[in-house]
């Protein structure tokens, strides 16, 4: 019973597995094979639930991008795999490792950029590989390694291939069809198709091939069907669309009998564009090589690099080879390199390289040769036990006066006692951090020196540095040294040895020295600190200067503010009444019954005292004439008298303009009073006019003279007048004067300027006689002169 149940369970599981099919796919179970068909189903990846026993799997026409190792794992029975017309751009290495039974792989019409060494690994039985219409730019040399002997059909057309692994193609002995059309191939290695005896179709259409290598396989392209055998089928060969270079190298191809005539010549210029099969055989010619440029002689120091150049032209382009002086062909090695342009580089020269190198340029039409003479300047070598050179066959033993020294015990026949140490022939002086001056001397009996060699090395390493110095120099400055380091330096002389016809060398002397230590970081820091300090000092000086300047301006401003009010408010006490014409009488001389005269209260601005000498004299004459007329008329008018004051500094422009404005205002007021005189006073006015002419200054009216001195018209400036008490003035004008010509002082309660009186409607038209009488009645202290500033 248990056996029956187990059998039923196994049958059910097998039936379920067989019936399992990926979504959107069609699974066909034909006899022993299982086919899974998923073409054009819009798949983005390989379905993971594909039956692993599938024999045929079609996934073409989808949108699969990536192939991973899990997609086809354990599908050992898969024979046909189609991945055409997808967007595959990457195949993970070893993705087909389990497909050991696969016969056909279609990867056409995808986006593969290249095929790596492990991309197709595991396809040991592959026969058909279709990879056309991709973006292949390169194929690894080992990409086809697993199926070289089984592959029958290889399609790599419509890609971007510049080359192929031709060695792998040569070993595909079972290859029947090879499609390489529509690529960028420009070269096919010679002998590539020699072993492809089963090749029936070769397509090289639309590439960049200029020539084809001669191969017997192409002779089968003209064989008839009668001569063909199963092991040597007729070859279908297509190579149209290539820019063939029609010269003697393609003459073998021209001699083949072919029916098609689609191939054309791309060069040379005389045959360009002509049909290949229509060109006569005698027109396929070549030009022998011609060497146009090469190195003639080269002198190289032993151990240094040497470059030999050789250029040649010809049709076809010649290949250049080099032959060493010992008749061996020079190739690429660790010491030499030969380039395609004909240049030979010797990285490290030796004494064996001395001689004539031969440049050989050869092509199908012939060859040309050129000689290059190379001379190697040999260098002395230092022994391991001492830093001095040991030339065993040197004959320059007397190059210095003390060079005949013993090499030390152990010498055969050396019974002579050791001599004293030689004098120093090499001196090192003027040692700095990076340079030193080396001087040496040679005895007069020494042979003629060809040149000197200076060699030195740092005590920390064993690398020697050489300097070649002309024989005329006995001193040399060694530069580019390391600071704070010890150096071992030797000077050697080189001359021509007539016995051996070689260059002989001998040591002149050696010396040791140490370069001075340098501290670039400390010096750099010191210079930075010094620069910053200078900037700070200069900035501090500028700031201090600005502060001092500001303080001086502030002090000057404060002093000016304190002095200005005191100057403008200075009172003039020596101003007396305009009616007495003299000094004020003392209290004892005052008339009886008169009240005591108080101190003068009149304050006069500085501008009224700063008159010129001419104006003062004119004012004095006017005052004297006015005084005479006033006494005759009984009005008791006193002249304006300004006592001389102490010499003052030169008045400013504002003060001078104020004085001129006051004089102008005074004259205008007098004219107005004369015009407004009443008929009752015409007689007095006539008398006054007569005296007015006497008081008038000789230079003209004061108003005209003041206007002529002012830079601007007076109408544009503010006009000021004498301030007086309105009520007292009116009372004085109406009541007359006190007998004796003296009026007691009155309090000036309301002081109005002319402008204020004019604005307020209180300016009264007084006559000049009344105004003069009022001035005589009032004391001088009742008049206040305002500044015009």
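Each residue, glycine too, has its Cβ placed from N, Cα and C.
The N-linked glycosylation site entry in Swiss-Prot, when matched to the candidates 74, 341, corresponds to 341. Record check of 29, 457 in Swiss-Prot: the feature N-linked glycosylation site is attached to 29. For the repeat 'LRR 2' (77-98), the list of distant contacts is 39, 53-69, 71, 104-113, 116, 118-123, 130: same-chain residues at least six beyond its ends, Cβ to Cβ under 8 Å. For the topological domain 'Extracellular' (21-534), the model gives a mean pLDDT of 83. Beyond the ends of the repeat 'LRR 1' (53-74), by six or more residues, the same chain brings 33-46, 80-92, 94-99, 106 to within a C-beta distance below 8 angstroms of the stretch.
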